[in-house]
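Novice: TrEMBL lists 108-185 with the feature domain 'Beta-ketoacyl-[acyl-carrier-protein] synthase III N-terminal'. Under the heading active site, TrEMBL lists CYS114, HIS242, ASN272. Under the heading domain 'Beta-ketoacyl-[acyl-carrier-protein] synthase III C-terminal', TrEMBL lists 227-314. Here TrEMBL flags 243-247 as region 'ACP-binding'.
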Amino acid sequence: MSGIKLISTGSALPAQEVTNFDLEKKVDTSDEWIVTRTGIKSRHYCGEGESHLGLCLAAARQALERAGIEPGQIGVCLVATLTQDTMTPSAACVLQKELGLAEDTVCFDLNAACAGFVYGLHTAECLLAASERKYGLVIGGEVLSRITDFTDRSTCVLFGDGAGAAIVRWGEDYPSLSAVMGSRGNSGVLYIPGVNTGDPSYIHMDGKEVFRFAVEVLPRCAKEVAAKAGISLDEVDRFAFHQANQRILDHAIKKLKLDPAKCTGNIAHTGNTSAASVPILLDQLVSSGQLRSGQKVLCAGFGGGLTWAGALLQLA
Ligand code: ACO
């Protein structure tokens with residue numbers, strides 16, 4: 001058996017918190033509609049002077065400091081995102097310089113939408129096995145407010161900005177992530193036009209179809225991860241599911257018969273932060289003592305692509 005353990009976490013949210021009441025002033029919506037349909041009460045948006053890089057950097061620095069390791073010990077740096085500041089250089093590439101990572105660190109961005117961070121964990125596990133340096137930095141960071149169409153009330157109330165980071169370490173005697181991943185090419189249900197289409201790069205979504213997809217794939221993915229790890233879902237200490245919509249989460253919790261106390265989320269005050277959602281939640285679980293040394297957390301994400309991914313991560 002070989003794999004990675006979670007060593008430390010960090011996260012960063014923009015200073016500006018935007019409540020549903022703030023949105024009511026510029027969008028034809030209501031706090032009551034948003035809370036009932038999604039569980040979201042507020043989200044954070046980047047303001048002047050804040051950026052994708054700034055959020056990723058803050059989260060990464062916090063995680064590095066808590067791990068008590070030097071940047072030069074990192075062998076792999078991955079950023080899961082679809083809203084990096086520049087197409088090139090990638091966010092991971094810029095972090096190489098800003099964090100002082102060694103030049104031979106494997107640095108790249110990865111786009112698997114809201115499943116991106118868990119894709120990143122699995123990718124880091126594979127790459128670290130072949131790396132001389134056994135620490136990896138995996139970040140999920142998004143500035144979704146910049147690709148939100150504020151004339152579309154069915155999407156604009158859902159999203160927020162933020163970043164989360166994890167330092168992981170590969171060990172020969174560490175448990176495997178037992179990662180499960182999938183993708184189902186679908187360009188119609190949830191998409192953002194690319195630079196070559198000439199269309200503004202806004203999030204387009206068929207909410208009902210995404211809902212159907214999510215309630216199908218999230219419980220299945222969680223079950224498959226546990227089966228691959230050879231444990232029952234009862235033996236999992238915590239669940240860190242992508243925070244897209246409280247109703248999707250409630251559905252999965254009920255279908256899997258999970259203890260809701262093990263499924264604490266943060267959607268009420270972050271909204272959906274896509275690839276950043278799972279690592280921000282992980283950081284909040286670790287910082288608040290809800291995820292402790294030796295415990296196992298089942299992470300799962302799902303989103304545009306359509307993509308999904310799940311993994312069982314143990315806190316060192
Ligand atoms: N405020 C007020 N009314 C609204 C709003 C809003 N923000 N948005 C839509 N409505 C109205 C619609 O116009 C419609 O009115 P009508 O009946 O007069 O035509 C009514 O509310 C119902 O609209 P629906 O789209 O049917 O609302 P639904 O109950 O499906 O909820 C939602 C929409 C919340 C998006 C839901 O479909 C959903 O949760 N889908 C999952 C998608 C999701 O979570 N995506 C997250 C991003 S993707 C990802 O992370 C995977």
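A Cβ is built for glycine as well, from the same backbone N, Cα and C atoms used for every other residue.
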Novice: If I take the alpha carbons of HIS242 (active site) and CYS114 (active site), what is the distance between them in whole Å?
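Specialist: Distance between the two Cα atoms comes out at 7 Å.
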Novice: What does the structure give for the C-alpha distance between CYS114 (active site) and ASN272 (active site)? Integer Å is fine.
Specialist: 9
Novice: Validating a neighbour-count step here. Other CB atoms within 10 A of the CB of ASN272 (active site): how many?
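Specialist: There are 24 of them.
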Novice: Would you mind checking how many other C-beta atoms are within 10 angstroms of the C-beta on HIS242 (active site)?
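Specialist: Taking every protein chain into account, the count is 32.
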